[in-house]
Amino acid sequence: MQTPLIDLRNIRKSYGGGDSPQVDVLRGIDLSIHAGEFVAIVGASGSGKSTLMNILGCLDRPTSGEYLFAGENVAHLDSDELAWLRREAFGFVFQGYHLIPSASAQENVEMPAIYAGTPTAERHTRAAALLERLGLASRSGNRPHQLSGGQQQRVSIARALMNGGHIILADEPTGALDSHSGAEVMALLDELASQGHVVILITHDREVAARAKRIIEIRDGEIISDTATSDPSVQLSANAGALQAVDLRQRLADGSEPTGAWKGELLEAIQAAWRVMWINRFRTALTLLGIIIGVASVVVMLAVGEGSKRQVMAQMGAFGSNIIYLSGYSPNPRTPEGIVTLDDVAALANLPQVKRIMAVNGAKAGVRFGNADYMSYVGGNDTNFPEIFNWPVAQGSYFSEADESSAAAVAVIGHKVREKLLKDVANPIGQYILIENVPFQVVGVLSEKGASSGDSDSDDRIAVPYSAASIRLFGDHNPQYVAIAAADASRVKQTEQEIDELMLRMHGGKRDFELTNNAAMIQAEARTQNTLSLMLGAIAAISLLVGGIGVMNIMLMTVRERTREIGIRMATGARQRDILRQFLTEAVMLSVVGGLAGIGVALIIGGILILSEVAVAFSLAAVLGAFACALVTGVIFGFMPARKAARLDPVTALTSE
């Protein structure tokens, strides 16, 4: 005797239990179905026929009993193998059609083949042929809402046949149709049965059930009659035993992981994600806004921080990285600072590693020209100033050694002082300004340097001969500090050590002086700027985090709204990982689009800031980093909703509203 294709032994299905009362839906079902049979399972509403169909189609598991498919116990199959069985053996035709609303008729039909790993061209050809066979060739691009009920049911039948549809499970296929459409659907099922497909028809209508060759009546979860209207063997055809002729376990081993399927599934996931995003454009835009703001904030903040850093570094570096500063120092704030003398300067000038040295005696002082008053830094120094600080004169000339020797009342003004006091004077050279009410003649204007660090503006200064500053302005011959240019920029540290040793000898071993160098100051400023940039980036990253929470929120809502779609995908053969991939792809797509848009917005904002003369320096690493963060955010915050979707029970998902 031929082994049944489907063999149910004492199948029971119960719900509830524990704190709630147990409800027995199926009570000891024994049923065998052979290849090629056209079976109708008929019963009133609540009789358990739909539950039986779900178990037959591997959408649900029985509470107890054995389900043998082609001789293999279905209870021993894992979720992926059950998905393979649904994909390769079964084709579902539901009363409610269960088509994915956002997909076209052809895309709905192709879905089982996507999960089977069928090549794209072959998939398109087969789907088109099935739709043409069912009279829907002209409607292949229409979405479900653009089709009539009968047309939607025919699309559902085409989908059931996409992977062969060896076993067609039709649950009330005519229940939502008018009589004409219902007759067309039943004619199709008759045709499929005559071609050797196993057709299992679930219905409450005895007239519809009469079309089958075998009628099984179920009541209160029990089979009360099983009547064959003709010999099932008459219906067998060449392909009727296709599944039975091979070892199911081998088929599962070979086919539960379709070769190359992931490529088609990924492409379909991307296309589906884009469709969903486009259909829900307004909601998508609001979700993207969080990602866009987050990415744009990170990129712009880091660009502003980097621009500020480069500007400050360039301005500080413009003074030379080989400069060492010497000044008086006291370790105890209650005692006066040590004094650096001109004798110290003379001794240091003889060190072989010292290229140039200059004493500076300066302070803030009131400056007047005409009726304009201004406070600026006035520094007494010598003719080494332009060389030590690499600071040429833009107009006029620097004062000479003769001016220094004679304590001449001459001054070289900075660019900012020129703008503040002599802006309306065509040629400031030769003009007289009052410094602390002492007249000084302007002999030169320094070139523009800009801010050296923080709020300090290097152009806000006036240079006068050291002797003139000491005698005419401050009355103190000792320098405020000493600027020393090392002969070798790569040996600044060693030069500083030599200066330190000499000063200790000259001051009797007393460390009442302090040494700093531009290189160390630049490094310290760089660290400060880096910290500032990180702070700005961290603040901006909070926006990105908020955007990620928005993605998770919208994906959780999407999973809830599309629960039935998840059930449809599972019924057509999607594994848990396929569902996970689908919804994770959607989350990542949101992040990718939001990330790219955020970068675009950041570049626009950066352009506006540059036009506003704000220092901005975009970094490829920062841009890519922000985009990567958006991507990771999408993966992290999209994983939980996607995982929730993947863990849904197929039956629960299909019956959700």
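Note that the numbers count up from 1, one per residue, in the order the chain is shown.
For all residues, glycine too, the Cβ spot is worked out from N, Cα and C.
Pulled from Swiss-Prot, these are the features on record:
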type     : residues                                               : note
BINDING  : Gly43, Ala44, Ser45, Gly46, Ser47, Gly48, Lys49, Ser50 : ATP binding site
DOMAIN   : 6-245                                                  : domain 'ABC transporter'
TRANSMEM : 285-305                                                : transmembrane segment
TRANSMEM : 532-552                                                : transmembrane segment
TRANSMEM : 590-610                                                : transmembrane segment
TRANSMEM : 620-640                                                : transmembrane segment
For Gly48 (ATP binding site), nearby residues of its own chain (Cβ under 8 Å, 6 or more apart in sequence): Lys13, Val25, Leu26, Ile218, Asp220, Gly221
Neighbour count (Cβ, 10 Å) for Ser50 (ATP binding site): 21
Stretch with greatest number of CB pairs under 8 Å, the transmembrane segment (532-552) reference, 285-305, 590-610, 620-640 candidates: 285-305
Residue among the binding-site residues Ser45, Ser47 whose Cβ has the most other Cβ atoms within 10 Å: Ser47
Ser45 (ATP binding site): secondary structure state under DSSP, collapsed to three categories: coil
Other same-chain residues whose Cβ falls within 8 Å of the Cβ centroid of Gly43, Ala44, Ser45, Gly46, Ser47, Gly48, Lys49, Ser50, the recorded ATP site, in sequence order: His204, Ile218, Arg219
Distant-in-sequence Cβ neighbours of Gly43 (ATP binding site), under 8 Å, six or more positions away: Lys49, His204, Glu217, Ile218, Arg219
Local Cβ density at Gly46 (ATP binding site) - other Cβ atoms counted within 10 Å: 12
In the chain carrying Ala44 (ATP binding site), residues 6 or more apart in sequence that have Cβ under 8 angstroms from it: His204, Arg219
Other C-beta atoms that fall within 10 angstroms of the C-beta of Lys49 (ATP binding site): 25
